[in-house]
Amino acid sequence: MVIRVILADDHPLTREGFKSYLEGRENIKLVGEASDGESAWELIKEQMPDVALIDIRMPGIDGVTLVRRIRQEGLQVACLMLTSYDAQQYVLASLRAGAKGYILKTASPDELLRAIEIVASQGVYLDKEVAKAVEEPGFSPEGLSPREREVLLLAGRGESSKEIASKLYISERTVQTHLASIYDKLGARNKTEALLLALKYGVVTLEELLE
Amino acid sequence: MILTLLVLIPSIAILIVTGWGVVEHERAMKNVTESYVLDLAQSVASRVDRPRFIHRALMMPPRSLDSLVLDMSMPGWVALVDEDGNLLAASSKAQDVLPQIWQVGVPVGRATLLKGPLGDTYTIAAIPTSQGWYVIAAVAWSQLLGPMVRFSHLWPAAVGLLAIVGMCAVWAFWRWLIMPLLSLEAEVSSLKWGIDLPKPDDPIAVWELRRLRKVLYQLAETAKEREELTQRYVSDLVQVQEEERTKLAREIHDGPLQDVTALLQRILLLKQESWSERAKKYIEIAEESATAAVRELRGLCDTLSPPWLDLGLLQALTELTERLARIYGIKVYLEASEIPDVNEDITLAFFRIVQEAINNAVKHGGAKNVWVRLACEKGYLVLQIEDDGSGFDFEGDIESLRIKGHRGIANMAERMRMVNGQIDIKSSSNRGTIILCKVLLPLSGEKSPGNAFDVGDVGKS
């Protein structure tokens, strides 16, 4: 099966580069290019690709808004964010908006292809640079308890410890304890990282994050 | 004050002394006239008592007696009456005057003061004779003492008037000069130069004082304008710096960063071809260099003006605190609940303040933990940054810190001033620092422009 891909990036040289990455791959076909958000939106509606490679910063409609619109319109297009930035909040914002993956522009051709394949098959791809907390080989995350999963999801939706505590009828201190345990189990240093790693390891799903 | 008292005290003294003088003088006059009238009456009575007089008085009609007995060259009037009050004899003109002032009940044997019908003062005395008659003697003060009375009354009156005028002058002096001067002095001494203005006019004050006040007002106005100009200059400086940083960051992002990324892409493509070992090594080095360049440029953008500020306040602060925690190896706890969307200016102000505060806490205070709290309270967005560092002795004057070269806190204050917010800093040695910022939230419904990365409405769809 050939994966149909469109590419939206305002910088001609990097767009050229990505085009070269995709050329000559028998399972991937580039069906269109756009240099700004508005034309990317038109292109996506017209082509209905399997995967859309979208730059976060674009003139006109930015990447995150574009992804949100795709999801709101219910288009069956898997969005993979392309960016120069390693800011985890960008990743989180993209994922909350409905993106399936996030890859840095400095990724190698093979990584890009792998990312496209993963998101095309309904998986989640996060650039290793973005969620690189766990670098020791052989690290496998411990399973989270159901309560910990709940706490992590609420934290992922941007709720404060106080709000989580009142929602789960536990004390704020208990929330902090849960969070500390979650960080420890996932090898994360903060909430954002914990959430990204949990997504990466499949501890929580993208859909859970959207709600 | 003292000047007023110097005038006031003599005036009151003069008034008292004059009053006392008038009373004393009056008494002296009374004594003089009383003894005069008594002497007169008694001398006439002793003459009447002589047997020769009695004999003649019985022989002759009473009216012709007067020239013999009662004619006098001395001032005053004398009359002789019997026990029933019938006039027996009188000195010349006494017949005209006495009935006017004569009143029944004049005590016998001592002098009495009476008021005549024309307002003159008379002293009158009745002395009994051995026949049972009475000798009545009277004198008018004006007649006896003449001009002395008038002058002696006029003089204290004039002095008293002078004293009263003096006191009026003192009162006027106090009301129109001293009071306005005192109020002007109080106003000017408590004036925050460059911030406050005195009252432009004081209608009560004298013209010269009003002029003085006007001049002071103009001076204060000039100082205020200058202060505002300085403030505006500082604000402009901060704003221009921020704009420059944003512009530079954007240019780096859209220019060199993309170019080097494109370069890296070509290198990565090259890598896929088959090369000699040597070429492979060169390509590897080129890849490393390009990757390093991308990182550096990204870092540069983050330092200047991170593009992820666009994500909104909470996301930007989350990213910032997580990054700073990682860079410094400290713990930063960000607590925020139900924060509404705020505009770019407030986002930027809070972002820079948190950045500065954490940098200061770590670099100067050696803090290991920082708590950043963001909350909505009574229409205000409140930011609190607390650290467990060593703190510093802060006396509350941000301007003096700026003068000493500690621009960090002065810049924070400036950031808050630019969004019409308040900043409060509490710190003392070994007790950490608490920075409290408060800004009035815009009314609900005003959505921040350009906050494209807002993720708030995702869940609603």
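Cβ coordinates come from backbone N, Cα and C, glycine included.
Secondary structure of the domain 'Response regulatory' (A:4-120), assigned with DSSP and counted as helix (H, G, I), strand (E, B) and coil, comes to 54 helix, 27 strand, 36 coil. If you look up TrEMBL, you'll see A:4-120 marked as domain 'Response regulatory'.
Looking only at the domain 'HTH luxR-type' (A:137-202), the predicted model's pLDDT averages out at 84. Taken from TrEMBL, the feature domain 'HTH luxR-type' applies to A:137-202.
The Cβ neighbour count for A:ASP55 (4-aspartylphosphate), using a 10 Å radius over every protein chain in view, is 27. Look at TrEMBL and you will find A:ASP55 tagged as 4-aspartylphosphate.
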